[in-house]
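Asker: Following this message is one structure expressed as structure tokens.
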Amino acid sequence: MSFDSKQQKNEKFGHLRLSTSGPQSTSLTGNALLRTPYFNKGSAFTKEERDTFKLHGLLPTNVQTLDEQVTRAYAQYSSRPNDLAKNTFMTSLKEQNEVLYYKLILDHLKEMFPVIYTPTEGEAIADYSKIWRRSEGCFLNIDDADRVDDDIKQWGNPEDIDLIVVSDGQQILGIGDQGVGAILISIAKLVIYTLCAGIHPFRTLPVVLDCGTDNKGLLDDDLYLGLRKERVYGEEYDKFIDKFVSACRKRYPRAYIHFEDFGLTNARRILDKYTPQIACFNDDVQGTGCVTLAAVMAAFKVSDTKWDEARFVMFGSGSAGTGIADQIKDAIAHNTGKSREEAGHQIWCVDKPGLLLRGRKDQLTPAQVPYAREDKEWEGKEYGDLLSVVKEVKPHVMIGTSTRPGAFSEDIVREMAKHVERPIILPLSNPTRLHEAQPQDLYDWTDGKALVATGSPFPPPTAECNNSVTFPGIGLGAVLSRTRLMTPALLVAAVQALASAAPVIKGSGAGLLPDVEDVREISVQIAKNVIKKAVEDDLAQQKDIPTDDADLEEWIREQMWSAEYRPLKLVEEHKADAHARGEVGTGSGQREANF
Ligand SMILES: NC(=O)c1ccc[n+]([C@@H]2O[C@H](COP(=O)([O-])OP(=O)(O)OC[C@H]3O[C@@H](n4cnc5c(N)ncnc54)[C@H](O)[C@@H]3O)[C@@H](O)[C@H]2O)c1
Ligand SMILES: O=C(O)C[C@H](O)C(=O)O
Ligand SMILES: [Mn+2]
């Protein structure tokens with residue numbers, strides 16, 4: 001990477017920096033500059049910049065600060081009548097001025113998080129083809145699989161992209177197949193990476209793999225923007241994924257790939273296939289597994305539950321359910337010295353047909369198989385519904401990733417509370433309307449004894465158990481260390497950092513997980529653990545990573561992007577490209593032509 005040499009002298013770790021607070025360079029002037037959201041400062045362009053970049057006559061006279069702009073933008077945001085309208089407003093703002101967009105959110109993080117992310121983003125995704133105005137992100141479709149490499153390569157040079165979030169749209173949150181609208185989940189996750197972990201917004205790429213859709217409503221919608229055909233499965237699908245991964249590897253060899261909201265039959269399979277080959281991560285399986293394990297660890301501190309006796313019931317055993325089960329199984333094994341197989345006996349997985357049993361092996365996914373119980377254990381017992389299973393198992397922990405709203409009904413919760421002092425109940429299905437229970441009901445039915453965390457935000461004392469407190473820090477660690485692989489050991493290191501930041505563990509509150517307000521700091525701690533483990537396990541490709549803890553933290557913080565205006569320098573066109581690539585990661589070609 002090429003960096004401004006003056007800047008390097010002033011910075012302890014200048015030579016390692018990915019993103020900088022130093023000057024940026026562009027050859028754009030006039031309206032072209034104002035229409036480039038990454039560089040546009042609107043009314044905040046200084047007098048000198050207005051001279052240099054030929055902006056006179058294009059802006060009102062008064063030069064304003066970023067804070068003044070935030071005040072105006074917040075008033076406009078607040079005047080929007082509902083959350084979806086607010087979400088649309090934010091999308092427009094992002095298309096106009098990225099620094100202002102991020103600064104506005106960071107100043108109102110708690111309030112805006114549910115509007116730009118879950119649950120409102122779910123509505124925007126479902127309405128994608130109706131509310132679409134301007135294209136953002138990379139669209140690859142299975143009918144043009146031969147073009148994948150060409151379509152990917154136009155986003156920059158090999159060193160330009162650090163992080164790719166990709167979805168095929170088959171299982172968006174709990175709202176099922178959303179086809180091409182899935183581009184918005186890739187974009188939203190990347191926004192969270194920037195807000196919560198300072199990942200440089202211009203060094204990322206949101207992708208949708210349009211493989212058709214089984215959503216009849218979309219296929220019948222004249223406005224639908226995606227491939228109008230039934231979803232493709234099997235060999236053709238696998239080849240398409242392979243082409244995508246190969247193209248990413250070839251064109252952006254340093255990029256870490258985050259898979260999001262793939263369907264049940266593909267999510268785990270794809271993850272297992274590529275984990276030994278590239279640095280990749282499935283958020284629904286691994287991010288959710290990590291955050292939920294951290295919540296359970298915090299809850300155990302309060303309830304004084306011992307790992308060797310703890311019993312877990314998972315309701316909904318898909319990507320998220322089995323991902324959580326795997327993390328919990330490893331934690332049991334780690335804390336008790338049991339084998340992983342033995343540890344798995346403390347987990348009971350329930351899905352649509354009831355408890356998973358070995359006798360029904362042909363109906364189980366490979367990820368479910370290790371949790372299926374021996375049929376003879378359950379002979380003469382009821383196992384077809386959650387209440388019967390809870391009666392038999394008497395779980396300490398019940399986790400919902402079923403997409404079935406209200407599944408944790410009063411009789412089930414009261415039954416659970418009969419057997420354990422502090423029932424730990426985590427309804428995680430998103431969006432909010434799909435939660436297996438409402439937190440207030442859980443407190444009421446257990447005389448306030450339940451320890452609760454939910455998939456979408458609720459007021460305190462209910463913590464939000466959403467992968468958004470985990471994946472940004474893990475990604476930051478992966479990007480900065482340039483880890484070759486994302487291994488289970490790196491994820492364990494991440495969970496340790498997250499669990500120790502829980503308010504109940506720190507003694508700073510009742511929450512089982514840290515609040516979103518604190519997430520940037522949590523991400524530093526997660527990234528630190530991930531990087532240290534990557535170095536220890538000889539996976540880190542980045543050279544000269546500081547070994548001292550304090551230095552490492554400083555090194556991480558310095559590379560986190562923050563929402564502030566940087567001085568802008570005018571350079572000639574050919575130099576701008578070279579400079580931009582090195583300094584702000586601004587790709588050439590299509591990236592600029594797109595604005
Ligand atoms: N809080 C978080 O961070 C987080 C993370 C990932 C997923 N989730 C949520 O978890 C839910 C599931 O996501 P996923 O990616 O695992 O989906 P998935 O399709 O892979 O799994 C869903 C599972 O639930 C089962 N199921 C469906 N209806 C059921 C019913 N009535 N009774 C019992 N089981 C039923 C399905 O058979 C499937 O096994 C979604 O609502 C998603 O938003 C939350
Ligand atoms: O996107 C979220 O809010 C969390 C999770 O990835 C989900 O699919 O629900
Ligand atoms: Mn998801």
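Placed from the backbone N, Cα and C atoms, the Cβ positions cover glycine too.
These figures come from a predicted structure and were not determined experimentally.
TrEMBL feature annotations, pasted as is:
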type	residues	note
ACT_SITE	Y117	active site, proton donor
ACT_SITE	K189	active site, proton acceptor
BINDING	E260, D261, D284	divalent metal cation binding site
COMPBIAS	1-14	compositional bias 'Basic and acidic residues'
COMPBIAS	18-27	compositional bias 'Polar residues'
Asker: Could you check what DSSP calls K189 (active site, proton acceptor) once collapsed to helix, strand or coil?
Answerer: helix
Asker: Quick check: which same-chain residues outside E260, D261, D284 lie with their CB within 8 A of the centre of the divalent metal cation site CB atoms?
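Answerer: Result: S167, Q171, I172, I185, F259, F262, A267, N282, D283, S319.
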Asker: Kindly point out which of the recorded positions Y117, K189, E260 have a C-beta less than 6 Å from some atom of ligand 3.
Answerer: E260
Asker: Rounded to the nearest angstrom, how far is the Cα of the residue listed as 'active site, proton donor' from the Cα of D261 (divalent metal cation binding site)?
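Answerer: Each residue's Cα considered, D261 (divalent metal cation binding site) and the residue listed as 'active site, proton donor' end up 14 Å apart.
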Asker: Based on a Cβ-to-ligand 1 distance below 6 Å, what subset of the recorded positions Y117, K189, E260, D284 would you report?
Answerer: D284
Asker: To see if you understand the setup: which same-chain residues, six or more apart in sequence, place their Cβ under 8 Å from that of D284 (divalent metal cation binding site)?
Answerer: Q171, E260, D261, F262, A267, S319, A320, G323, N467
Asker: With every protein chain in view, what's the tally of Cβ atoms within 10 Å of the Cβ of D261 (divalent metal cation binding site), excluding that atom itself?
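Answerer: Step by step: centre on the Cβ of D261 (divalent metal cation binding site), count other Cβ atoms within 10 Å, giving 26.
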Asker: For the residue listed as 'active site, proton donor' and the residue listed as 'active site, proton acceptor', what Cα-Cα distance in Å is obtained after rounding to a whole number?
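Answerer: Cα of the residue listed as 'active site, proton donor' to Cα of the residue listed as 'active site, proton acceptor' measures 8 Å after rounding.
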Asker: Please work out the number of neighbouring Cβ atoms within 10 Å of the Cβ of the residue listed as 'active site, proton donor', leaving out its own Cβ.
Answerer: 25
Asker: Including all protein chains shown, what's the count of other C-beta atoms within 10 A of the C-beta of the residue listed as 'active site, proton acceptor'?
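Answerer: A count of 27.
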